[in-house]
Structure formats: structure tokens, C-alpha cells
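These come from TrEMBL:
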REGION    1-24  region 'Disordered'
TRANSMEM  34-52  transmembrane segment
BINDING   40, 43, 47, 304, 430  Na(+) binding site
TRANSMEM  64-85  transmembrane segment
TRANSMEM  106-133  transmembrane segment
TRANSMEM  189-210  transmembrane segment
TRANSMEM  222-249  transmembrane segment
TRANSMEM  269-286  transmembrane segment
TRANSMEM  298-319  transmembrane segment
TRANSMEM  418-439  transmembrane segment
TRANSMEM  460-478  transmembrane segment
TRANSMEM  490-513  transmembrane segment
TRANSMEM  534-557  transmembrane segment
TRANSMEM  580-605  transmembrane segment
């Protein structure tokens, strides 16, 4: 039995009259669950392997200051906007943007498409992590030494000797990669099995929606922090750790004059917070309407930033240790050559260094560098400067950091299998919590938009994972890593920036920034600062338009390239994408952004048809000129008998 309820036109909430209805929408059991979900989604692999690289390449401490500035004036306001919209309307991205501006309902569909593209290749990284995790339980680690050529004892594989054991294991054993994207090759059986395992884990975690995924997040969101602190403590005790950290934080303020650095910092803020995916909106839609989403925006953003800094400390402590080892090997090799030249009478006595060159391990790097600057030109042969910073810059971005540089550093540690297993288990959990958020950005809006899907939420989850696995097989070919790079660089970047531009425009200009602030005041009981109005209407919008312009111009100024592995040279090299690959790349971007104009045209034609029918029938419609606040659509649907069953 139901009794009548009255809906408050301002807040969209029913008056406290007697009702026997159940809750209209699922919710978090506690605030901790919500934080774990939001932090788990926003803190991902990019915090570990992208942020440290950008920080080191773009001025160290100066880049950190620039990142904080952009996070405060662009990142947090947009993050707050998405949190507030999701919490107010209590729908996924499709429902939220259709409510705010029916003509821009395509924004939500674009978010879903981008989430699907990202999920396809992101889970491949989880598959690689599983492969390395499985290979970590042996001593010595399989990437510690070059394998023997055939059955000939003592003869090593040439490709491995030319590169390094870790590079060889990554490119030849894990990926078995081709020389270019044009050479497809067969499927990699091991990676196919690992990809199946990764999608199975995601499917089991999402089986019953947020109720099951959040239980996994209690481990997957917290465990990476435990591992990072373990690595930090162990890393700081290593020789070369403080030199590595010093290179990271050394400020180069001149980089502020470089437009490309601003573009990279803005892009990192954008992706670090997960803007535009729809996952933030989906997660916040499960919150009670009076939840302080303003405080949440600052809390999650700063946890994200501090995680990036923590990961950067860990990365450069360990890479500093690795670089110091390599540089000291270089010094030892040079001093051995120097000693031979001296005994052969090719080097005069006054050129020989004052330190004990017969014992290279006792030589300080600074003493060698000072001697090299003064006398290297007087020594025959090819002595090198053994520069620590140059060594630090090698292979420290993306998969090169995780699967080559970091794995090499761990082989130098006592108990290397333990540290290796810990590291790849951390990568797996970082990726898993992000995958849950990405999948929620697909499943939540679709199940709310299409009632037939809502009634079969579990089947939708399983079907999505099966489709994801089948399409993900593209990345398990021998050339799959090149497609992975294409998706990573182009399928999400431009479409997401376009999505966020339209999001900001629709809220601040079409719906109205003042009206949006009124809605937030109705939810929270207090009004956020008027500064947000100007940030949304001008600063954020123009910043995103600038980022869109800079990214587009950069794409057209130079032909897109990818990093390939040349088996003959046993080295990486940049190759231009062939014409067919550029066509695929363009189709990815078009397909992801197409829902926005299609949604606009559909809404326009629908409105015109409705007006035509009304005119033909002689009907006149009352137009309400009063502004009404954002309404909890899930509650209204429930009262109308249309609520989706909560799984």
C-alpha cells in the first residue's frame, strides 16, 4: 500500500509523509566505501609511471608548483562540478547531461564510448602485470640474465646482449613483438590467458554492482599504499636514492615559459582526476543528497596529488639506485681501459687521476667526474663521462618504467623475487580499482537509460566483459603493443577534452552557473563561493579550449609516431604511423565524439516534430518560465513506477 507523496519543486525530494516505498536507488554503506571507490578510480597507473616522468622531464619542483596551480584553478572546480551534478540528479552520465541540457545528451554517450575504449586497453596492462607476477615466483628472476642461445652453454642470445635482459624479456618473451605495426603476427598464448584472467577478475568484482566491487576495493585501494611505503623505506636505504630524488626535485623555473609544459601539466591534471569519464558522476550519484561533495572534491584531489608525489619519491629512489649502479659500472670499465692505456705508454703520468684507479669500487663518482672534465680529451679511446642524470632519463616513462627500468632495479635488490611480486601485485591492484570505476562509467548510465538493461544488470556486466575480452584480443597479437599505444595516446585524450568542454559549457552557460550554485546550496545547506561561477564560466572553459587547441595543433603539425622495437638493432626507434593506422586513429576519435552532434540533431528534430504535431492538433503548451532546481531523477522514476531494480 502506498500513500501519496508531495515533491518539493526546489530539491526534488518528497515531503516526510508516510510511505512504504523502498529506497529508489542503491547507496554506499559508509563514507569510507565511497572514498575508497573515488580514490581507487582516480589513483591509477598514471600516478606511478606518468607523473614521475613528467616531473623529471619538465623542471622537477617547478613542474610540481605548476601542477598544483592548475589543479586548484581547473582540476578541483571541474571535479566538484561532476560530483555535484551526479549527487543532485542521482543518475549516471547519460541521465545527468540529458537533464541539464537535452540537446547535449550525447555527452553522456561519448563518455561511455571513451570508457569502453579505455577499458579495452587498460585491462591488457593488468594482463601484463599478471604475466610478470606469475614469473616473479622463481629465483633467479627470468629477466635477470640473458638466456643461452639454443643448447650452447655460455653463448647468449644476441638480441639480449645488444640491449639488456629486462628489455629482452619484455619485448621478446612477454610481447614477442614485431618490428612495426604493419606486421601483425600470431596471438601470444600466455597474454591471451592472462587477459582472460584479468577480465574474469573484473567481471567477478562487478557482478553485483557497487556492492561487490567495493568489497574488493577495501584491498585493491589500500594495498598499493602499503607497497609504496615499503618500497619508499627500502628505496631510501639504497646507494644513489638521494641523488635520484635530488634530480627529481631540482627546480628549473624557466620551464614555465614553455607552452608544451603547460599542456602536459594540464593533461596530467585532467587524466589524474578522471574527468569526463562519467565514473565520478556514477559514484557520486550513490551518495545522499546532503553529502558534502565540496569537501570531497578537495580531499580526493589532494590524496591523488600526494599519491603521485609518494610514487615519484619511490620511483626516483629506486631508479637513482639503478642509475648509480650503471654509472659505477661505466666508471669501472673506463678506469680499466685507462689503466691499460697507461701500461701501454699511451697516457702520460701527469694525466692519470690522483685517486686509486686500480680499485674502481673505491672511487667516488664526483672525483671521477672532476678528473674527466680536465683530462678526458688527453686520453685515447672513447672514455665516457658516466653522467648520472643521463642515465636517469633512460626508459622512465609508461611501460618502459614498469616493465624495463623498475624490473631491472629490482634484480639488484637482495630477495628480488619478493620485491618483484610485491610490485606487480601493486600494479594489478592499482589497475583493478581504476577498471571498476571505468566499467561503472559504462554500466551505470546504460542501465539507467535503458530499462531492459536495468532488469538484466548482471547479464549486462557479463556480456560487457565478454565483449571486452574478445575485442581486447587485438592487443594480444605480436603487434598488439603498438595498437595499445595508439589507443592510449589518441582514443581518449581528444574526445575526453571535448566532452569536458561541453560539460563545462552546458552547466555554466546553458543551465546557468548561478542556478547550479543555487541547487548546490539546496543540497548542502550553504552556498559555495561565487569564485566557482567565474572559474566554471571563464577560467576552466577557456583552459579546456586552450588544451583542446594545443592538442589538436600538435597532432596536425607533426605526423603521429609510435615507439617500435627493432629486433636486428635490439633498440627502440620512433616510426610514423602508416596511412591505414592514421585512418583507424581518426575513426577512434570520430566514433568517440560523434554522439555529441548526433544527440544535438536528434533533440532538435524531436522538438520540431513535437511542435509540428501540437500545431496540427491545435494544441498550445504552457511554458514554465520559472527556474526549477536539479531533481533527483531516480526518486521521481521510482515514484512513477519506472525505477530500475537495484542489483
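Backbone N, Cα and C define each Cβ position, glycine as well.
Feature map: annotations from TrEMBL on the structure.
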{"residue": "40", "record": "Na(+) binding site", "Cβ neighbours (10 Å)": "27"}
{"residue": "43", "record": "Na(+) binding site", "Cβ neighbours (10 Å)": "27"}
{"residue": "47", "record": "Na(+) binding site", "Cβ neighbours (10 Å)": "26"}
{"residue": "304", "record": "Na(+) binding site", "Cβ neighbours (10 Å)": "24"}
{"residue": "430", "record": "Na(+) binding site", "Cβ neighbours (10 Å)": "29"}
CB-centroid shell, 8 A cutoff, Na(+) site 40, 43, 47, 304, 430, site residues removed: 39, 41, 42, 44, 221, 224, 307, 433, 434
Residues of the parent chain within Cβ reach of the transmembrane segment (34-52), under 8 Å, 6 or more residues beyond its termini: 28, 125, 210, 213-214, 217-218, 220-222, 224, 248, 268, 271-274, 279-280, 283-284, 286-287, 296, 299-300, 303-304, 307-308, 311-312, 315-316, 396-399, 401-402, 427, 430-431, 433-434, 436-438
Considering the transmembrane segment (189-210), which listed stretch of 64-85, 222-249, 418-439, 580-605 counts the most C-beta pairs under 8 Å: 418-439
Recorded stretch, among 106-133, 222-249, 418-439, 534-557, maximising Cβ pairs under 8 Å relative to the transmembrane segment (64-85): 534-557
Cβ contacts the transmembrane segment (418-439)/the transmembrane segment (534-557), at least three under 8 Å, sequence gap 6 or more: no
Best-contacting stretch, by C-beta pairs under 8 Å, relative to the transmembrane segment (298-319) and drawn from 222-249, 460-478, 534-557: 222-249
When counting Cβ pairs under 8 Å to the transmembrane segment (106-133), the leader among 222-249, 269-286, 460-478, 534-557: 460-478
